[in-house]
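Per TrEMBL, these features apply:
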{"type": "REGION", "residues": "B:1-42", "note": "region 'Disordered'"}
{"type": "COMPBIAS", "residues": "B:21-42", "note": "compositional bias 'Basic and acidic residues'"}
{"type": "TRANSMEM", "residues": "B:68-86", "note": "transmembrane segment"}
{"type": "TRANSMEM", "residues": "B:92-115", "note": "transmembrane segment"}
{"type": "DOMAIN", "residues": "B:165-290", "note": "domain 'Palmitoyltransferase DHHC'"}
{"type": "TRANSMEM", "residues": "B:211-236", "note": "transmembrane segment"}
{"type": "TRANSMEM", "residues": "B:256-280", "note": "transmembrane segment"}
Amino acid sequence: MTHSLQDMRQQAAVAAKVFVQRDYTSGTMCQFQTKFPSELETKIDKQQFEETIRTLNNLYAEAEKLGSQSFIEGCLACLTAYTVFLCMETHYEKVLKKIAKYIQEQNDKIYAPRGLLLTDPIERGLRVIEITIYEDRSFTR
Amino acid sequence: MKSREYQQIDPQALPTPVRTPPHDHPQADGGDGRKEPRRTPRRKWEVFPGKNRFFCDGRIMMARQSGVFPLTLGLILVTSGLFFIFDCPFLVKHLTGCIPAIGGVLFVFVLVTLLQTSFTDPGILPRATPEEAADVERQIDDTGNTSYRPPPRTKEVLINQQVIKLKYCFTCKMFRPPRTSHCSLCDNCVERFDHHCPWVGNCVGKRNYRFFYTFIVSLSFLTAFIFGCVTTHLALRAQGGKGLVFALKESPGSAVELAICFFSVWSILGLSGFHTYLVASNLTTNEDIKGSWSGKSGEGVTNPYSHKNIFINCCSVLCAPMPPSLIDRRGLVPAEESAQTGGMDTERPKLNNKSEMNVVGGSLHLVFDVQESCSDFSLLLNHTKTVPLPARSLVACYSPNTVSVCFPVSECCVKVTPLCAVFQLLSKVCIDHAFYWVWLVESIKHSCLYVFIRHISWKGTVCLLIK
């Protein structure tokens, strides 16, 4: 967390929380709905929001992709009785790190200045993207 | 969880109610590892609401009832041990040295995959946070009926042009993603829930299905291999007219192996075959048993998750990237939470003027207070179910915010110790869509009755003194 975000958390009070739910139309793959929540209408640009969600969706799709690389990794893991999972970082975990970095970057650049905070979905069991709306009090625009 | 706690109550001191001192269960039992208020932060596995057991400080987990897992492990170890001791020396001498090598590889495979199946998180979904649950409830059309359990809620989604109904899970307070099911033995929602396997002592779900499949396949190979080797061994020994009985007398261990392998090989082979079919069609045992896609409910119902290609189905189940564990067992519980709940339990209760007791026609109607800090205690609402009360009980209460609740109390006295008797052991009550454990303890010595109310996620207990 950057210094400014910490300050904001300590000074500002939580006005509301918005939850972006999962989108199951393509199956059990991790995707989130791009529908723009009404509570955010006054806070952020619709395009900006959809861009963030779409990028996150692409990243999650990349994590779960069934490509040749994951196939080779899977076969190798099977041959070693899956003990490689104990020593190596899996492909999914690598992408999760990328996602965490992306979310922090988005928070710093776009959401924090508008009094919003995105919570990494992994902290909510990949069920929702929690967006906290802070009261418009203690920081200048 | 139950009787142990009651004995710790000292009516005089008015406790830290119900803290289980760590005696015979050093590994925390899904939440009972909490002690007196401590400054050191706890790990999340210690406050995990499901019925799981954790070892090695949260690195290993299993279901609470280990089922027949020790038996499975024992059978495998015993059979393999006997094989290496009794059959291998003979077969190496008379046939080839490859036999123990192959047996060894299979044995290691079986053991490793078994342990991985049992000790891995099957894909448990963490329960919804209170704000999330409230948001979901707000979006649902609540008809506002006053029964304990509102009608089951479902949500329909379109997956690959097929309508799937998502069910609402009352325990986890969220809509279950597709293919997720709530395991009642473990009290968790598990993603891509296959089944709860007692042999393995854990649920089989998205994250450990590949381990499970490898386990049963390698186990069938191992069993068949041992069976074949033992048969060969006995046949070779019985050669030259010596007879089977002679052979068995020379190698008694082989008889045991033969029996075990003979009886288990058919079921294990059958199970492997069944799961191979499931993998090829991208089905779970749960769906197959319920017949979700077999077209019973009408035409045009096919499995929307299948890729329509056996090879791709197999890849997606067995070779897909390993999903992460969503429950973060070893993370630290945020400081505010532990401070709140710690404080709540240890605070000495003060009598409150607002407290009130109604024993109306033999029903227990409690009006009691709950501290603001503990957000889970949104107890409220007068549910009017009433039941006769034990004659000696009265009600009074003490804590800051007043709430009123009425719940059924039975008269059976379950356990008597010099200090107290326990009534109504752990009734599970649904109040405002949240579940609480409620139990009464009577102090015989001081002629007072305590009512304990605790949220099922073990976040803190309200103890009411009834005089």
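Cβ coordinates come from backbone N, Cα and C, glycine included.
Since the structure is predicted, the reported quantities are computational estimates derived from the model, not experimental observations.
When Cβ-Cβ distances below 8 Å are used as the criterion, the transmembrane segment (B:211-236) is approached by residues 76, 79-80, 83, 87, 90-91, 94-95, 99, 102-103, 106-107, 109-110, 113-114, 116-117, 120, 194, 197, 200, 204, 244, 247-248, 251, 254, 257-258, 261-262, 264-265, 268-269, 271-272, 275-276, 279, 317-318 of the same chain, each at least six residues removed from its ends. Each residue in the domain 'Palmitoyltransferase DHHC' (B:165-290) has a pLDDT score, and their mean in this model is 89. With DSSP classes pooled into helix, strand and coil, the tally for the domain 'Palmitoyltransferase DHHC' (B:165-290) is 71 helix, 19 strand, 36 coil.
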